[in-house]
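Worksheet for the structure shown next.
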Amino acid sequence: MAPDPIALARDLIRCPSVTPADAGALDRVQSVLEGLGFTCHRLPFQEPGTERVDNLYARLGDKGPNFCFAGHTDVVPAGDAAAWTVDPFGGEIIDGRLYGRGAADMKGGVAAFIAAVGSFLERNGPPAGSISLLITGDEEGPAVNGTRKVLDWMAAAGERIDACLVGEPTNPRALGDMIKVGRRGSLTATLTALGAQGHTAYPHLADNPLPRLAEALHLLASSPLDMGTPHFQPSTLALTSIDVGNPASNVIPARGTARFNIRFNDLHTPESLEAHIRDVLEEVGGAWELALQTSGVAFLTPPGALSDIVAAAVEAHTGRTPELSTSGGTSDARFIKDHCPVVEFGLVGASMHKVDENVAVADLLELTAIYRTVLERWFAGAEPRT
């Protein structure tokens, strides 16, 4: 019998799996998948200086092509539990809505796909190939011991995936609004202007770095990086902090540090953005320290067979024609795109990470039906491969 997506989602929400804790969530997933005939591999990883994270790769079938669903069972903290009107980890249903941390992002999506697989098998029997799931416990955290590591393990084990659907909550307002076919890149910069400390009464004996820092930030923030591309919005630069560490009003500081984040489209690379930043610093002059961290580069899965199948399934069940979008933040699709075509579709994300996170029960059931139709249409056109 196919699993009930509502019951499974409630079970998963009741596991307080705040990154890096698993709290039994993957045990529940594994138990249900093994009941459907999947072979499951638990894959814990731990980079030095990080927390140990558990992951799961499950596969049904030993032939290609291999259709993979990717997702995560870790969640962000509930925050102030007193601000919630329900237990954040209670999985309560009130007025047709399922409440709890992870309901939207993305335990609901995980439950819907597992239930969809069960329904697919009941209606169609074994697939003409394989179905797999890659479920991590490190999507909401540093993302160093999760999907990326599982993909490395899969490559070493000869596990090939031919298409991947990531179940992130992609819809802004209503189920069927949007499919993600790519993501912008993300680069965070820590910029420090260097000077010489001194007394404010004798500024000529000091070197105040703050005017230079202010000028550089103005130049960086006021000049558009681009005007966008056919598939991407314009790149953006957002200033996130300025720190001088100087509580005294009569002291010129020796340094000032700012942090900013750039969300960039496919016109840029981390290297080209670094060159742009350094050009601005050279224009302003003075001494600087610059540290950059890239959490993902821009990528696009060109519209094709996979996005067509998902879009057709969405329209068949919701009556909506989904927008193919690259908006929003990063996701683990940024790791998967190097292995196979990947698109993202899941629940409505309006309440994700918020107090009283919730989804419509009707949406969970409809998402399950959409996922089943995706599997049916994908395997209908699949050529079996040994």
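Every residue gets a Cβ built from N, Cα and C, even glycine.
Annotated Zn(2+) 2 binding in Swiss-Prot involves ASP105, HIS353 plus, out of the candidates GLU140, GLU315, GLU323, the residue GLU140. For the Zn(2+) 1 site, Swiss-Prot gives HIS72, ASP105; the one candidate out of GLU34, GLU159, GLU168, GLU215 that the record lists there too is GLU168. The recorded positions shown are HIS72, ASP74, ASP105, GLU139, GLU168; of these, the one with its CA atom nearest the CA of HIS353 (Zn(2+) 2 binding site) is ASP105. GLU140 (Zn(2+) 2 binding site) counts 22 other C-beta atoms within 10 Å of its own C-beta, drawing on all protein chains shown. With a 10 A radius on its CB, GLU139 (active site, proton acceptor) counts 26 other CB atoms from all the protein chains. Straight-line distance linking the Cα atoms of HIS72 (Zn(2+) 1 binding site) and GLU139 (active site, proton acceptor), rounded to a whole number, equals 6 Å. Same-chain residues at least 6 positions away in sequence with a Cβ under 8 Å from that of GLU168 (Zn(2+) 1 binding site) are, in sequence order, GLY71, ASP105, MET106, GLY109, LYS180, SER331, ALA333, GLU344, GLY346, GLY349. Under a cutoff of 8 A between CB atoms, and with a sequence separation of 6+ in the same chain, the neighbours of ASP74 (active site) are SER17, VAL18, THR19, PRO20, ALA21, ASP22, ALA25, VAL53, THR136, GLY137, ASP138, GLU139, GLU140, GLY141.
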